[in-house]
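According to TrEMBL, the protein has these features:
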- GLU361: active site, proton acceptor (ACT_SITE)
- 5-116: domain 'Acyl-CoA dehydrogenase/oxidase N-terminal' (DOMAIN)
- 121-214: domain 'Acyl-CoA oxidase/dehydrogenase middle' (DOMAIN)
- 226-362: domain 'Acyl-CoA dehydrogenase/oxidase C-terminal' (DOMAIN)
Amino acid sequence: SAGLTEEQKEFQKVALDFATKEMAPHMAEWDEKEIFPVETMRKAAQLGFGGIYVRPDVGGSGLSRLDTSVIFEALSTGCTSTTAYMSIHNMCAWMIDSFGNEEQRHKFCPSLCSMEKFASYCLTEPGSGSDAASLLTSAKRKGDTYILNGSKAFISGGGDTDVYVVMCRTGGPGPKGISCMVLEKGTPGLSFGKKEKKVGWNSQPTRAVIFEDCVVPVENRLGAEGQGFNIAMKGLNGGRINIASCSLGAAHASVLLAQEHLTVRKQFGEPLANNQYLQFRLAEMATRLVAARLMVRNAARALQEGREDAAVLCSMAKLFATDECFAICNQALQMHGGYGYLKDYAVQQFVRDIRVHQILEG
């Protein structure tokens, strides 16, 4: 909590308490049984975590990007997979709040902020991941509707969520032909692929989202035609910080687990904590965690202030933090020896859950 205001320390404490009491005891079960913990997330929403950086007039908490980072890091110590989904949900709510008109904001945001309804972000396609500007899902204008055709891949929450923020092509090739639509579950022509079997992130379902002559009212378009790519990229700047923050929480928890294990585990007649090599490694892990945290918080401030270098700093922070934090969790597992590879020990789940942070979210 170094460098945080008293108010931010309070947010952090509330989120850490919630993670300890409501998430950590169930983390293994949610993973094992692939449970999407809807009721727990709704409890988190009662604390204001459903629309953290959404404006208060539509039910949001109106907090800063730094506040958001602190909260997601704290929640992630309890269950990284669930917190990562919540970060995506928050990004979707923010997109509607920031780029929607008053009618759209008041229609969608209150139920998203309370997590009565859940949102999914639909950008990635089977043939376009990082090359988002080449996406193929098309939306053809027909009177006061669009007809959507195409599919999205790897969609967090897909099939279980209620609101889909979809990037689709309304114009020619390249980024300027992309628009953003909000679809509701139950729209005719909207369907879902099979639930993917994943290494981690098992407390949130992942499916393909499929559009077959899906009829979407023009009034569900966010922003102007052709503004979609810009909306998507602005969303991902915050998304990168959010996912990096989730990695910080997993690494923080893993350092504490390693420290505890080294204290209780005896080898060669004394606790592992007396071994100087392991002391040095633990010190390095803690150092890398603090360095990553400073980078993430610096990027969060830059984004909040609308600085010119914000997008670059968000990308750097995401790259650095997700790599470093995975290495920290992996080293913590190594320090547990064979025990670290057992599902009875939480450290292996942190390793599995944050591995994907090095891949997704830009």
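Every residue number used here counts from 1 along the chain in the order it is shown.
Every residue gets a Cβ built from N, Cα and C, even glycine.
Unlike curated entries, TrEMBL annotations are predicted automatically.
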Legend entry - Nonlocal residues around the residue listed as 'active site, proton acceptor', in sequence order (Cβ under 8 Å, 6 or more apart): LEU236, GLY239, ARG240, ASN242, ILE243, LYS318
Legend entry - Tally of residues which DSSP labels helix, strand or coil - the domain 'Acyl-CoA dehydrogenase/oxidase N-terminal' (5-116): 84 helix, 0 strand, 28 coil
